[in-house]
Amino acid sequence: MKLAYWMYAGPAHLGTLRVASSFKNVHAIMHAPLGDDYFNVMRSMLERERDFTPVTASIVDRHVLARGSQEKVVDNITRKEKEERPDLIVLTPTCTSSILQEDLQNFVNRALTLKDSHADVLLADVNHYRVNEFQAADRTLEQIVRFYIEKAKRENFDFSKNQKISANILGVFTLGFHNMHDCRELKRLLTDLGIEINEIIPEGGNVTNLRNLPKAHFNIVPYREVGLMTAMYLKNEFQMPYISTTPMGILNTAQFIREIETLLKALTQNLSNSSNCEKFNISFAEEAAKILEKDFQKYISEQSRFVSQAAWFSRSIDCQNLTGKRAVVFGDATHAASMTKILSCEMGIRVVCSGTYCKHDADWFREQVRGFCDEILITEDHSQVGDMISRLEPAAIFGTQMERHVGKRLDIPCGVISAPVHIQNFPLGYRPFLGYEGTNQIADLVYNSFTLGMEDHLLEIFNGHDTKQILPKIQFEDGSLEWSKDALEELSRIPGFVRGKVKRNVEKFAQQNNKPFITLELMFAAKEAVNA
């Protein structure tokens, strides 16, 4: 546990609460002291939803510490069951309340013996000291799915496959980066291919429908952070294949579609080789044949040329102005890796550093971005990211809300491509990052993130209606250095898009030569030293 004023991935209980509050008619009870109960406020502020956050805090106070938590926790479970009538109640401690080392599973068992209802009660099986928000969310989703699958098995539920080819989408949940928009785009893409959606979990799903997950023919995991454990469990239990390629960018989306085609061919081949000629198998083979009759490559070509504008835009003169420009990418493993490939392969932008805060997925991330960037950074420390950006001085940053703050401080534009984000990245309008419509959004974001230069320079030359002075914008930050009036005037004549870099180079030269007062002559000397 460490004290920090900024964390990329939150504590484990946030992941559990995000999964629980994504399902319909599921209530979460958080066993926590005051100060850990900020999830309700955070979700109500950020997520654009009409419903209240279904989370109740069972506060650990001095009375609880004096006589134990069992009575209070059990009372909260039974009370919420009567008030909300949920299908499932999820109990979770926080890293703080875990210090008490209480037997919460015993509390759950006690509540189950006292209450008389249909609601299930589940203790989130998460180690709050060893995992972060994403790992806990992944584990909690898998635990809930496993619970209801095992329950269906005991009831001898029929897990036979759907007549029509269908897929589950796993890992779309509340407070995700553009998750709702991405889900809509994925549904559109699958509909175009003739594939039905079986279940989408956890966002908007019912836990009572989790028993239907094995009826689909394959699973889709659009984000590595959440959903992989569930997909692996379903594969081991029901031999369900899954696709974990994120369809972000033209190349990755094409690869995603080709993987679906390959998967359907493999399923059809397995059925044709099987000696079992049931009516269902024949029906499935016919459905698969209809889908495979479509020219997948033709679909990819048409979507890339006519639906996605990014392909031709990347070859236009506007985008060619960005060729060779330097950029830094940082975010979660899924979005940072995909964005690195898009910038490098599709837009010709040089990625000087690509990084992620998902340390648990570091090996996969390195494998994905190796060869597409100059440096790789794996860290949860925002100060290291800020130092790296300051050292490399890129033309643009693509990162989280924290990199946006760093960019403002260093006067470097930043496009937000990954959680954690603030409310402006929970748009009401349709803004997916996945699929072919997502390529248009990404192309706009990339192009608009770079400072074009001449616009700012011309505004400074001609001023327009702006009567503000320019000089106060370029005051030095280091109190040990002082600029002469002539040097400041010369600095103001330098175009805005390179002025910051020139200023930093001059100050660095002055510090190296122990010159506390920067004159016009020192500026010219610094210029000669840099050019040399």
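Backbone N, Cα and C atoms are what each Cβ position is placed from, and that goes for glycine too.
Going by Swiss-Prot, these are the annotated features:
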- ASP36: [4Fe-4S] cluster binding site (BINDING)
- ASP318: active site, proton donor (ACT_SITE)
- GLY453, MET454: substrate binding site (BINDING)
DSSP state at ASP318 (active site, proton donor), helix/strand/coil: helix
Recorded positions (ASP36, ASP318), the one with most neighbouring Cβ atoms at 10 Å: ASP36
Separation of alpha carbons, the residue listed as 'active site, proton donor' and the residue listed as '[4Fe-4S] cluster binding site' (Å): 48
